[in-house]
Amino acid sequence: MSPQEALTRLIEHREIFHDEMLSLMRQIMRGELSPTLISAIITGLRVKKETVGEIAAAAQVMREFAAPVQVEDDRLVDTCGTGGDSAHTFNISTTAAFVAAAAGARVAKHGGRSVSSKSGSADVLEALGVNLDQTPAQIAENIREIGLGFMFAPNFHSAMKHAASVRRELGVRTLFNILGPLTNPAGAKNQLLGVFHPDLVGIVTRVLHRLGSRHVMVVHGCTGNQGGLDEITIAGETLVGELRHGQILEYTIRPEDFGMKAARIETIQAHDTAQSAEMLRAILNNQPGPPRDIVLLNAGATIYVAGIAESLAQGVKKAHAAIESGAARKKLQELVEFSNRQNRGEVSLV
């Protein structure tokens, strides 16, 4: 399918079929389309609303072009969001990754710099002293040795450079916000994935089912008139799509279900990377309050989908224990030290 044919179909609000989407996405990844065409196509998809088939096909191609990280572990899990929720919260999923790793999960965290938020996962980790410039082998060793590794997306999705300038200039959520969390280079089949719109909960859960995921929770936190979060929220109810044992369930949860008080969205916002890093450290130091509560919920879900807990409630308890014991704080120290020792050549790589 030519990009012009695809654009015509999108203007008519018609779906691009699987094989056609594969072809179109490969053209983008190979740099065969102009920025104008890429912009028109991803905007057209957004306006039409992306289907399960379109998203799954695009994710399949991105996975083909990604540099792989080789890790074999049933506990391997990713925790991330699509971004684009415009809520300006601190880095919740990044903080939750340290807590989940401290509870026994093997976290293959995948993310980048801020595109449509105040601080991306890469921004805050860099501010905390983590070395982002690591090879696939080094990251695999991080995951094996300390239970946590961070894959800086631009280093693993080099073909995305052809769409990067378009995405940055548009500055709005597009197909690529959805694709990032679906294209973990370590191939994590367990995942907590936050989405920026409630309609995407069911869609993305079905995409992950089609892509062969094992246990996932796709979530959208509802915050009333203030929009929503691509996280489990403490400011209202959270819509959940859970894939487990090949079956999909959709339900809602509230902070009160786990003995927590609901809180306003302002209590979990950060104005910049420095404030986000400060909040992350405070949580790992067991400072009580809404920021810690929202991390407990999201870390608990990560622990649950990783197979370390039998239920979300048990996952939250394990997350609390990981913070109280100091184990979560130690994970941050370990990642900073280990990633920088590797960079200096002080760690022998497998």
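Note: Cβ is positioned from N, Cα and C throughout, glycine not excepted.
Taken verbatim from Swiss-Prot:
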- GLY81: anthranilate 1 binding site (BINDING)
- GLY81, 84-85, THR89, 91-94, 109-117, SER121: 5-phospho-alpha-D-ribose 1-diphosphate binding site (BINDING)
- SER93, GLU231: Mg(2+) 1 binding site (BINDING)
- ARG167: anthranilate 2 binding site (BINDING)
- ASP230, GLU231: Mg(2+) 2 binding site (BINDING)
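Swiss-Prot feature annotations superimposed on the structure.
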| residue | record | DSSP (3 states) |
| --- | --- | --- |
| GLY81 | anthranilate 1 binding site | strand |
| THR89 | 5-phospho-alpha-D-ribose 1-diphosphate binding site | strand |
| HIS110 | 5-phospho-alpha-D-ribose 1-diphosphate binding site | strand |
| ARG167 | anthranilate 2 binding site | helix |
| ASP230 | Mg(2+) 2 binding site | coil |
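For ARG113 (5-phospho-alpha-D-ribose 1-diphosphate binding site) paired with ARG167 (anthranilate 2 binding site), the C-alpha to C-alpha distance reads 13 Å.
For the binding-site residues THR89, ARG167, ASP230, a Cα-Cα cutoff of 10 angstroms around GLY81 (anthranilate 1 binding site) retains ASP230.
Cα separation, GLU231 (Mg(2+) 1 binding site) to ARG167 (anthranilate 2 binding site), rounded: 22 Å. Shown are the binding-site residues HIS110, ARG167; of these, the residue with the fewest other Cβ atoms within 10 Å is ARG167. Within 10 Å of the Cβ of THR89 (5-phospho-alpha-D-ribose 1-diphosphate binding site) there are 27 other Cβ atoms, across all protein chains.
For ARG113 (5-phospho-alpha-D-ribose 1-diphosphate binding site), the Cβ neighbour count at a 10 Å cut-off comes to 18, with all displayed protein chains included.
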